[in-house]
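K.L.:
Structure provided below as structure tokens; questions to follow.
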Amino acid sequence: MDEVRRRPPKHIVRKDHDGEVLNSFSHGHHLPPLKPSDYSLPLSLYLANALVFSLFFSVAYFLLHRWREKIRKSTPLHIVTFPEIAALICLVASVIYLLGFFGIGFVHSFSRASTDSWDVEEYDDDNIIIKEDTRPTGACAAPSLDCSLSLPTKIHAPIVSTTTTSTLSDDDEQIIKSVVSGSIPSYSLESKLGNCKRAALIRRETLQRMSGRSLEGLPLDGFDYESILGQCCEMAIGYVQIPVGIAGPLLLDGKEYTVPMATTEGCLVASANRGCKAIYASGGATSVLLRDGMTRAPVVRFPTAKRAADLKFFMEDPDNFDTIAVVFNKSSRFARLQSVQCAIAGKNLYMRFSCSTGDAMGMNMVSKAVQNVIDYLQNDFPDMDVIGLTGNFCADKKAAAVNWIEGRGKSVVCEAIIKEEVVKKVLKTNVAALVELNMIKNLTGSAVAGSLGGFNAHASNMVTAVYIATGQDPAQNVESSHCITMMEAVNDGKDLHISVSMPSIELGTVGGGTQLASQSACLNLLGVKGASKDSPGSNSRLLATIVAGSVLAGELSLMSAIAAGQLVNSHMKYNRSAKDVSKITF
């Protein structure tokens, strides 16, 4: 049967001819409708109100006029005449009358609002859903019942099933009350209950009750909350769904890859797919890994700048590198110190450690190793004050020249030669137009904008989509999207040479979100799931080249769309929803 909306029965108090109170409900008994004349006031009351209003404004004007005259003549205000006393009495009386007539009704409106179920917001029509009345018409034989009530038709979108109190046990209700009162911290539910999903359910219901906001549409079931405990997310109340599309095959270094992309931007996957098609038809792309090293830069302070310089010379002395490396490398069997770069700002010294981290992205690994070195240095430099384990010279999750120049994570360059016929048939443009557009837009335009590492069309689109799909840290899209796109005509101007240089791709295939089921499946699709047993670090390096190849495909397709004047048309076709969201309610 169709679902319809019905308001809760409104309790009505009625009296019979003998004055006894009769209780009934509006669903079963209908009082005679009130006539408009029932709401009108007696004529005498209208006249009284008009008289009081006139009196109020008259005496108020009189008193203000007298007050002004006294100020002008420097007469003391406390000296009053009989007319002024009478005017004051009339003013007070009229105010009392007006407050009694209008104020009581205003106050009563609040008291009625607390008991009238039709006026309070807690009776949300969206939450009061019942099935259509299926009682036989014979139930309407009693003359006191009116069964001609027409029920409104449900016109809202289907309501997503959410957690209701019926799914909560008595123990859950007690815990919810304790969390609301503050006797049980919300963050401790997992440890107290020993069940991560139950903790998320209780925290979610508590949040809805305390905020008065519904979490409809935010899924709770179908997720392994044990897998995120202590490593991915705290205070869980559900999970967000992001669609995953595939682009490819991407022919890179002689192998084909189907690239998973998690995004909500229409046309992005389609554009990347077209770029992959053009690369495939032209014989594929090649990539080179230039560097692989994660960085961390603690900051320490000394009493004088000279002492800071002493430590700088010590750290950069090749004779001391092996000693420092032994202390650094003992933190992990994968961490291997590569270099130390120092910078001084007054009495402050910033030491940028760079090391290989295997298949992990490596931030935790390098941080632990740096802490070991700091502890070791304090033996020889007791006047060293450690300000912080990270001093932003790393630089993590920030656009910084040091990453653009020195690199961070994986530094990759990827290139391809796109044949002339492919440019015309697949990309719908020509080589000369692409070369000119790249020079004016990606190089000159970015320079005019003062861009730092942003000499590209939309590298961050591809990086972020692949990062979310494979369980990387999306915040590291900032420096991982540093990219310069180069295009030039080759083979007598017939073919197009395109390349992307990305100095700081930060990712891993173990740790963090890579172990989640969905993200692990996407890594498995690319053949880089987990750590490589044969060659530690090879899986993460391969993933970095795939990211660069995906960026190459995305740059090629978007630049072609802009050169051919297809950008607006493609986004109007694939990136606009025809759904009227204003008509969807929850």
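A Cβ is built for glycine as well, from the same backbone N, Cα and C atoms used for every other residue.
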K.L.:
Can you tell me which of these residues Swiss-Prot lists as N-linked glycosylation site: Asn442, Asn575?
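P.N.:
Per Swiss-Prot, the residue annotated as N-linked glycosylation site is Asn575.
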K.L.:
According to Swiss-Prot, which stretch among 36-59, 228-251, 540-563 corresponds to the feature transmembrane segment?
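P.N.:
That would be 36-59, per the transmembrane segment entry in Swiss-Prot.
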K.L.:
Counting every protein chain present, what is the number of Cβ atoms, excluding its own, within 10 Å of the Cβ of Asp473 (active site, charge relay system)?
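P.N.:
So the Cβ neighbour count for Asp473 (active site, charge relay system) comes to 18.
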K.L.:
Provide, as an integer number of angstrom, the distance between the C-alpha atoms of Glu265 (active site, charge relay system) and Asp473 (active site, charge relay system).
P.N.:
19
K.L.:
How many Å separate the Cα atoms of Asp473 (active site, charge relay system) and Lys397 (active site, charge relay system)?
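P.N.:
About 10 Å separate the Cα atoms of these two residues.
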